[in-house]
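Here it is, the structure in full.
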Amino acid sequence: ASRVPLAALRPRSHKQLTNVNSRTAMKSFATVLLLSVLLFTFFQSYDCRVWRRDVPELDEDEDLDEDMEDDGRVYKNPRNSPSALCPRDEEHAAFLGQKCLRKCSSDEDCKSKKKKCLCDNACGMSCIKPERECEELRSPALGTVTLTGRLFNDRATYSCELGYHVVGLKERTCQADGNWSGQAPVCKQNVYCKNPPHIDHARHNALPEQTTFDLDATIQYQCLTGYVTNGFPRAKCLAIDNAASWFGPDISCEPRSCGAPQDTAHGWHAGECYTYGCRVVYHCADGFELVGRNERTCQADGTWFPKDLPACVRKLLI
């Protein structure tokens, strides 16, 4: 049997025990520190990944403006917004089938450096990407289409063979939303409809430059702001006895009513018209004077403006 040295059996001195405990404590501290660093690094990278997933970094040159609703911001050039030369009518644009992009008064109002503030027909001044292309167009049967290009405001012009007529738009425009205006025309001989019927205080969804319409073409009418639609708002191009004509619409547009306005105490109003665009004038009885605006106007939404009545107050006797 091997012998154990006597020195190994002797108890350790206090100094030796202290050195051993110190080395053990240092190793434990180093281990804890290393684990802390590893855990901190892990959670930092995890949080970073979560942040990047939930809130992706935005490229300022991406198409940001299309997906952003109007934020009611103050534009860089307030005097130019909205533009009198290129007014914005989103309701009419949607009626024509056009998608409006973010409105603007200068290039600085656009979120992307690739965008320019340009006039986009019914959509008014909008943030537009000039290099966006519209799709290739096919020539109609018995006709041809000639393009000036496929970028914003480029034109497509249609023509037909001898003996045929362009029925529909003779010219279409590449819009800011990447679509060509209107619908592709066709080449026909003599059976087609011309300008659709005119209805007072109404508009239809055909482009104003379109003067011919194919058989079975249908257009929709809409009363102007401030007027109420009554009746059937559609018209259709039909052929009877080899002659084409419009059938419909059976529609009338009546001005919206605001109802009889209130009278103020010790006064009255003059005027019996209470529909959109009408005005009434307020007067006071003898011994009273008017405080406030003496006129109120019936607005498109059926309310009187201003909302508050004027007042008739007793005159002070001096």
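Cβ from N, Cα, C; glycine included.
In TrEMBL, annotation is done automatically, which means it is predicted and not curated.
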State the disulphide partner of C187 as given in TrEMBL, choosing from C160, C174, C193.
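Its disulfide partner, as TrEMBL records it, is C160.
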Using DSSP, what is the helix/strand/coil residue split across the domain 'WAP' (78-131)?
15 helix, 9 strand, 30 coil
By a simple count, how many Cβ atoms lie within 10 Å of the Cβ of C187 (disulfide bond), its own Cβ left out?
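C187 (disulfide bond) is surrounded by 20 other Cβ atoms within 10 Å.
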Give me the count of other Cβ atoms within 10 A of the Cβ belonging to C160 (disulfide bond).
20
